[in-house]
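Asks: Got these off TrEMBL a minute ago, pasting:
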BINDING   21, 85, 124, 463  (6S)-5-formyl-5,6,7,8-tetrahydrofolate binding site
DOMAIN    220-381  domain 'TrmE-type G'
BINDING   230, 249, 251, 254  K(+) binding site
BINDING   230-235, 249-255, 274-277  GTP binding site
BINDING   234, 255  Mg(2+) binding site
Ligand code: GDP
Ligand code: ZN
């Protein structure tokens, strides 16, 4: 049994409007304690989602503000429970006093995400849709918002459900065979099952292929700034971010940990990571920074190798370049173009064999920064063609989804191989079951109940 929860739904701080939300048994009654309608109709008697105008009251019944309120009864609400919403002016003080009054009326403070959690538990949305709610709220680009909106309609869930359903059919076949252990699968059946498994495996791998695009769209491109101490990495991060995110000092090794900033350029989101450098060090704090830098490098979609254009390129630069090229798409930034003696020193011949784009600029004066920005946008366009132009795509947008789909794909592949090698159906069953469990985890449905009811429907009439 769920209890009555309440929370301020609008962000902290002042605003034009503030909204309080209630969900659970007695929501309308509790809301009525803090809201006196102007008309004769009391809040609990109002039809679903009909706005009433009235006065908001504090715990002592004193008028605080005028506003609007409505109730929505189960199951026709966001959470699937009885809910009420109160609108007042966006005053943190009014909101806090009304919230206190709601607590006095029997509600408790809702935990983070609890409304959506209840919506999930009541079957109003599944886990991928719940994730879409968060993605939509946190979207930093138009493309990411559109993507989340598509997932919120259940597009991903429907695709997963179709695969799940295909696997349920395979499962049902196996179960039928298991009931007659003396009989082998006939070749025709084996062939059919093989094809059914292959179809689902292909559907899953096709989904898996979308995960990079999904990640890039929702989380942005990770751009790691790499370079020798004092090359100007932190200055460049600040210049791109447009504010002083990282500390800049003339003392080498100032940035001991990774520093991050996000920027949006022409609708593309970039997550800039300033690294501490990758030098071996005895200083434990610096070692930690180096470990973080390595980690950042592993996740890099793009590496900006920052070099001081007034200095000869040394072994350290070459080593960093090798490391960068091994890891990801790399862009060479020749910094400090404002200084006398600036040139574009070249790397060893074997490295110039790579087609490296070189951008010359001054992180200090900002001269040439627009060329780097244009190059970043070009790289983003190459990685994310047509982002924002398509209404919404079916993409895996986070690690949880990708992991679940990968596990499902692996299990289905194992089942297919086992079938080919003539393994007994019960061994196969485990693999298919695992695949379904992984997909069940993804959408949050319960596995067992589903399988059983489907199997009974198909095979067990009169048995
Ligand atoms: P990091 O160690 O690579 O992060 O380098 P910083 O950004 O901390 O910069 C090191 C020093 O170089 C600081 O004194 C900066 O002011 C200076 N610096 C960075 N970029 C430029 C530039 O484009 N022009 C000039 N003149 N100085 C720069
Ligand atoms: Zn730095």
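Each residue, glycine too, has its Cβ placed from N, Cα and C.
Map these features onto the structure and tell me what's around them.
Replies: There are 21 other Cβ atoms within 10 Å of the Cβ belonging to residue 85 ((6S)-5-formyl-5,6,7,8-tetrahydrofolate binding site).
When pLDDT is averaged over the domain 'TrmE-type G' (220-381), the result is 82.
According to its DSSP assignment, residue 230 (K(+) binding site) is coil.
There are 22 other Cβ atoms within 10 Å of the Cβ belonging to residue 234 (Mg(2+) binding site).
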Asks: Report, as a single number, how many Cβ atoms besides its own are within 10 Å of the Cβ of residue 233 (GTP binding site).
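Replies: Residue 233 (GTP binding site) is surrounded by 31 other Cβ atoms within 10 Å.
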Asks: If you count CB neighbours within 10 Å, which one among the binding-site residues 21, 124 has the smallest count?
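Replies: Each of the binding-site residues 21, 124 was scored by Cβ atoms within 10 Å; lowest is 124.
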Asks: Suppose we screen the binding-site residues 85, 124, 233 by Cβ distance to ligand 2 with a cut-off under 6 Å; which survive, in sequence order?
Replies: 233
Asks: Counting distance between Cα atoms, which of the binding-site residues 230, 233, 234 is nearest residue 85 ((6S)-5-formyl-5,6,7,8-tetrahydrofolate binding site)?
Replies: 234
Asks: In whole Å, note down how far the CA of residue 234 (Mg(2+) binding site) lies from the CA of residue 124 ((6S)-5-formyl-5,6,7,8-tetrahydrofolate binding site).
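Replies: Taking the Cα atoms only, residue 124 ((6S)-5-formyl-5,6,7,8-tetrahydrofolate binding site) lies 46 Å from residue 234 (Mg(2+) binding site).
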Asks: Within 10 Å of the Cβ of residue 230 (K(+) binding site), how many other Cβ atoms can be counted across all chains shown?
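Replies: Looking across every protein chain shown, the total is 20.
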Asks: Tell me the Cα distance separating residue 21 ((6S)-5-formyl-5,6,7,8-tetrahydrofolate binding site) from residue 230 (K(+) binding site), rounded to the nearest angstrom.
Replies: 52
Asks: Under 6 Å from ligand 1 by C-beta, which of these binding-site residues make it: 124, 230, 233, 234? Sequence order, please.
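Replies: The qualifying binding-site residues are 230, 233, 234.
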